Amino acid sequence: MHCGSEASLLPYSGSISLKGAGGWSPMVTDQEPWLQVDLREQMEVTAVATQGRYDSWDWVSSYLLLYSDTGRAWKQYRHEDGVGRFVGNVNSEAVVQNKLSHPVRTRFLRFVPRDWNPSGWMGLRVEVYGCSYKSYMADFDGRSSLLYRFNQKSMSTVKDVISLRFRSHQAEGVLLHGEGQRGDYITLELHQGRLDLYLNLDDSRLRFSSGRVAVSVGSLLDDQHWHSVHIERFNKQVNLTVDSHTQHFQTKGEGHSLEVDYELSFGGIPLPGKPGTFLRKNFHGCMENLYYNGINIIDLAKRRKPQIHSGNVTFSCSQPQLVACTFLSSSSSFLSLPSAASATGGFSVRFQFRTWNPDGLLLFVQLSPEPQRLVLQISNSRLYLTLHSGGTEKCHRVNNGLWHSVSLDTKNLQITLTVDGEPSSAIELWEQLESRGNFYFGGCPTTDCQHLTPAFQGCMRLIFINRQPKDLNQAQQGLLGNYNELQFDTCNIRDRCLPNLCEHGGRCSQTWSSFSCDCSGTGYSGATCHNSIYESSCEAYKLIGSSSGFYSIDPDGSGPLGPTQVYCNMTEEKVWTVLAHNSTAPVTVQGSSLLKPHIMKFNYSASAEELQAIVSGSEQCQQEVVYDCKRSRLFNTKDGSPLSWWLDREGERRSYWGGFLPGVQQCSCSLEENCMDMNYFFLSYKDHLPVSQIVIGDTNRTGSQAVYHIGPLRCYGDKSIWNAASFYQESSYLYFPTLQAELASDISFYFKTSAPSGVFLENLGLKDFIRVELSSPSAVTFSFDVGNGPVVLSMKSHLPLNDRQWHYVRAERNVKEASLQVDQLPLRFLEAPADGHPRLRLSSQLFVGGTASQQRGFLGCIRTLTVNGVSFDLEERAKMTPGVSSGCPGYCSGSSSLCHNRGRCIEKSNGYVCDCSQSAYGGTTCDQEVSVSFDMESSVTYTFQEPFSVMQNRSSQASSVSTESSSRAREDVAFSFVTSQKPAMLLTVSTFNQQYIAVILAKNGSLQIWYHLQTDRSPDVFSPALNNLADGRLHRIRIHRVGKNLYVQVSSTLSFAFPLIHNSNLLMEAASKGFSGCLSSVQFNHVAPLKAALTNRGSSLVTIRGPLVQSNCGALAESTSHTLQGKTFTHSPHGNGTQKDLAVIAGVVTAVVFIAVCALAVISRLLYQQRRAQRSSSIKEETRHSVYTDYRTELHLHNSVRDNMKEYYI
């Protein structure tokens, strides 16, 4: 074998060269054929090539590649993106080469065919590319170590480079340690199969303080295969790489050098003065090519150099590899083994396993006398042993991916269970039990245990029955027992959370075949925590009907910047975004000079990057400056040099003031002794805003002083919302740089057209692509290919989309799923294959409004185009593109909001009208409150069915974890009320399958929100406002739920919700008393049930009981109130565990909203369960939006089946 990219393996015994006739082809009777290549020694393999069998119809079209040091324990090779399959041949003669993204050092290779020519059979000729390498090996037995002693007392370094390769079958062990007397230390340690690096360069820290923090890299490193480690440090900057995963970090503290005294130890931490005694568990395994700052440690030890002390270290790798088998299927895998006779009676079983799954059958044994049986299973991540009617449980988690040992023994009328060497648990027996028949591991094919599902998915090894080891090779050859869906000689476990594909700090959890993201507290939602739950600007909040108050905005949406809390002032014609800083009061300055100036730094409630995003996305920004002075100057009167100045957001010095442009130096205070001048002006050049620092340098003469005040940053307008382009030639398009969308991308925009079809945007790669298009007058199609074949996701509207009105499109693709939304139609999902290619690789420019082929171009208007949180400036690009113009004609295309509160602007030939059918408000511009006065006898019932089902749109192409549906469930509820009654039932949404939401006032007038989404648990109760709301004043409530997270906005309050112990009597009492007062502007998702009841009294969907009087209480209360609209931020996880049916309220089933005596019967039926649910008490900030686009009223759907209806009682 020769080095170089084109070097090939010379023919060795056992390998097959591509040059020549013949080839390998298995017998048709072989169940699991593979071709194994022995390279005779360790080689570094960089590529493999395959060819079909000579002059035949036999070839392999895809295969797996396994490698091994010994030919016993194998590991599957995976590319950097986690894909394990290699592309093979399409005929028998062409050579297909696959380069390895990361080379492997191995002796044995195994080619495992997965697909082949359906018209022929498997056929292979193979060639291996790579080179030999020099190996320095050391074997550590768990009690040995290598000590490298320095030539001087201590070694102080500002730069370190450490590299090694290791192989271990234990999850714990120290690889490297060094420490110094001043407190510095470095420790590299295996812990739970991960590699932890402890590094301290700060002499103020204790050597082994409890606050030590490790940087962890890698996972499953106890797999008996080689792993490479590379550590680079320069001063405080450190790079830690394990295999292909790298962590970049900076050490804490003030130190820049690592000071280590006397020696470095490898393989353990020896106790000073006690040879052979170690502070922590030693490394047990092999190390290879161990280098410390260019010094070959193993070579020095092998040559017995005096600076190396080697204790019980040998220089070969003799560690035996333990052979495991993999249970592949959660439904049909099993291993059946016969029992061996026990000399002492009874039976015993011992084995090791590892898995990620929280449930699975480990062992099933039929016992004598009948009908007793023994079942050992994982349930809810814990281990359970069940014997007939009795059982025992082990409380610690066993689905953490680590190896766990299990021992079962029957003796002395007891069955004892021991896990990981901990104290055993026992079940007392009345009589001695014997095993009957075979022992079933991982699953069971017989009728006696088929209901014990799911089967185990994971790895097992070291199986002993009655203290006799079981040879899995014999099982594989059919000489021992029976099996199904097993893979021998390998533990094919993989960590799907490495790297963590959950974005924005989402927490990753996994099963054997998939992973899921917990987005709680991140401010993001979706399968990979990609989507911000906040609006991008105050302007966007205004468009969905919000009023003035404190809001979190996320100016870059799904981009890397986090949300920022701002105050949105919506009382003026313009919507102002206000960001305060840390110095709000006027500041008096005396005694300052140029040599000793007064300096004030301003800290805002946002980072510099977030400030820049907010300012650049706004139409205009300004900052008020008030400056009073006496005997002080802003500028030197002789040369004009500044005596005082301010710094912009980039830290650049600015000396212009007022409304002047940069570079114009104006304003000075009079030097007259008894005169106080006042300068009041605005800084409005937004590229320099906000002010980050002010410097005053001329108040050091007698009687001199200056008083200044820097106001908050104020911005208005959102440049992206109405940024539009018109396409009037089918061959025209706009082009932008290539999409950066390898792992996740979201694309959103509005369009209007009269054309029947056209491509909105397209980006191509060599094979991959992504495209969004209007495929027919009523359908939008989202298609892409990431290497797994083209994927097409279509959404068909019940109304034409080429009606010259604005329509909203949002397409998203990530490693878990793809989704498409059009207007208010429910999201359509398509799940990604679990082991497919995750990365979208694009190379061409992004075409907007057309394609690279200039065919199927779009004719019409596109606006508000946003990709991964970045807004595209269509207007600017359109100015230089033929066939495209900036802006879009029409009354509804301007930046002024013609229709309010989610009202939809409809273009007419001679003007426009506002469609308020989906808004809770009325009037010509959807800005009039719709209010109704209720008394104790009044109620309204509203029933509807949504036109589509979220659950029906889900693909069955791939299995999904049960938390995914819960992450898609959402409600958006808004209403206002005035009442003096307490307790009172304000609003309830319930389903006919006993789920409900209830909003009530408690006996003290405080607001309570009840959520009962899991029918097998008691409801969760949240109290976001503890003050009395039954005070006769108007209160606005907005409730928004995304998955398990709840957000509540309550006017004029700022508090947090927390879970309460529920009291069903309180809910029933509130329901029995109903409601007396005024309700206004009630909205649930895109339905306004109160307004529908008033405007559709003759509809069969609306039932009114008692007197119902239309009122203007909402408008009157609003006009007499001078209280600023505040905001309650509530982020509370819903209940515990997974909620498989969480999505039904958001999409498909019936619901009831009611206020009256009739509610008592419904609530009584729903509250039959009294068991208290365990709830999480974490409280975090969250909000979300509903897209303000068109949809059709559902009043005409009243003839549908009642089981698929929602009802509202008011």
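Along the chain as shown, residues are numbered 1 onward.
Keep in mind that glycine also has a Cβ here, set from the backbone N, Cα and C atoms.
Feature annotations, courtesy of TrEMBL:
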DOMAIN    1-131  domain 'F5/8 type C'
DOMAIN    137-317  domain 'Laminin G'
DOMAIN    324-491  domain 'Laminin G'
DOMAIN    493-530  domain 'EGF-like'
DOMAIN    529-581  domain 'Fibrinogen C-terminal'
DOMAIN    723-888  domain 'Laminin G'
DISULFID  CYS861-CYS888  disulfide bond
DOMAIN    889-927  domain 'EGF-like'
DOMAIN    947-1113  domain 'Laminin G'
TRANSMEM  1142-1168  transmembrane segment
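According to DSSP, the secondary structure content of the domain 'EGF-like' (493-530) in residues is 0 helix, 10 strand, 28 coil. Across the domain 'F5/8 type C' (1-131), mean pLDDT in this model comes to 83. Long-range contacts of the domain 'EGF-like' (889-927) within the same chain, counting only residues at least 6 positions beyond its ends with a Cβ under 8 Å from a Cβ of the stretch, are 542-545, 717, 721-722, 724, 726, 752, 804-806, 824, 861, 863, 974-975, 1081-1083, 1086-1088, 1090-1091, 1186, 1188-1191, 1193. Shown in sequence order, ALA724, ALA725, SER726, LYS752, CYS861, ARG863 are the residues of the chain, 6+ apart in sequence, with a C-beta less than 8 angstroms from the C-beta of CYS888 (disulfide bond). Within 10 Å of the C-beta atom of CYS861 (disulfide bond) sit 24 other C-beta atoms, taking all shown protein chains into account. Mapped onto DSSP helix, strand and coil, the domain 'F5/8 type C' (1-131) counts 0 helix, 64 strand, 67 coil.
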